[in-house]
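Novice: Summarising the annotation, TrEMBL assigns compositional bias 'Basic and acidic residues' to 125-138. Residues or ranges marked as domain 'Sec20 C-terminal' in TrEMBL: 141-229. Residues or ranges marked as region 'Disordered' in TrEMBL: 117-138. Feature annotation from TrEMBL assigns transmembrane segment to 208-225.
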Amino acid sequence: MAGPPPSVERLQRDILNLDTAIRGRIDELPTNCRSDKDLYSTTRDLRGQLQEMKMKIDELVKLKPTIAKIVLEGEHFEQLIVEFRNSMDWNKNALALAATKVRQQLEKDAREQLFARDTPSSGDGLRHRTTDMKSSEADAARATERLSSLVSKMGERANFAEEHMAGLVESSSLLSRAGTEFTDQATHIQTGHKLLSKFERRELTDKVLVLLALCFYLVTIYYILHKRVLSRFPDVFYYLLLF
């Protein structure tokens with residue numbers, strides 16, 4: 001009976017190598033991690049290896065149809081996948097537990113170092129506390145001075161803002177009055193334009209009426225002359241026309 005495909009054997013070997021490497025690094029975690037930075041870097045790398053192990057197991061699961069054709073190998077495939085996943089879960093839990101213990105140890109060491117720095121002799125402690133009190137008082141005085149200066153500057157800015165706002169209100173009022181005046185001027189101009197147009201039409205009408213009156217006057221004079229004078233001397237009028 002043929003054995004498993006080379007790809008399956010390669011994945012099994014890679015998963016076993018990753019499992020061994022991860023367990024070794026977890027055991028060395030308390031020794032290699034001397035600071036929070038080391039702990040963060042190491043746990044990040046281990047999580048990356050665990051993710052790689054999970055991807056390898058998922059690739060191995062995808063080859064299940066190929067393994068199912070091999071009777072003897074197929075019988076142990078499911079058990080092998082379960083063992084790999086159990087190993088991965090164990091590594092996750094072991095990593096979390098080891099990281100917690102290392103973090104607690106680092107915090108304990110930091111507290112001890114801080115306590116060792118803060119417990120000198122009684123005279124040194126008194127001088128240290130006195131110096132701290134004076135420094136705190138000086139810091140408080142400087143903070144109060146800065147706060148007073150800040151309040152003063154804020155008051156000046158508030159006054160400037162009020163003056164600026166009053167100027168804006170006055171400018172807005174002037175602009176409003178100017179707009180009203182411009183509107184009135186525009187109304188007057190429109191009224192004057194209408195009056196001028198009306199006067200122009202009336203002037204034209206007057207000219208037409210004068211012209212009609214003049215024509216009527218001339219026609220009347222002609223009619224009178226024709227009836228009273230020219231009708232008596234028709235031949236003379238005819239000769240006058242010929243000349």
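Positions of Cβ are set from backbone N, Cα and C atoms, glycine also.
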Novice: Return the average pLDDT for the domain 'Sec20 C-terminal' (141-229) as a whole number.
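Specialist: Overall, the domain 'Sec20 C-terminal' (141-229) comes to a mean pLDDT of 78.
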Novice: So, by DSSP, how many helix, strand and coil residues make up the domain 'Sec20 C-terminal' (141-229)?
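Specialist: Breakdown, helix to coil: 89 helix, 0 strand, 0 coil.
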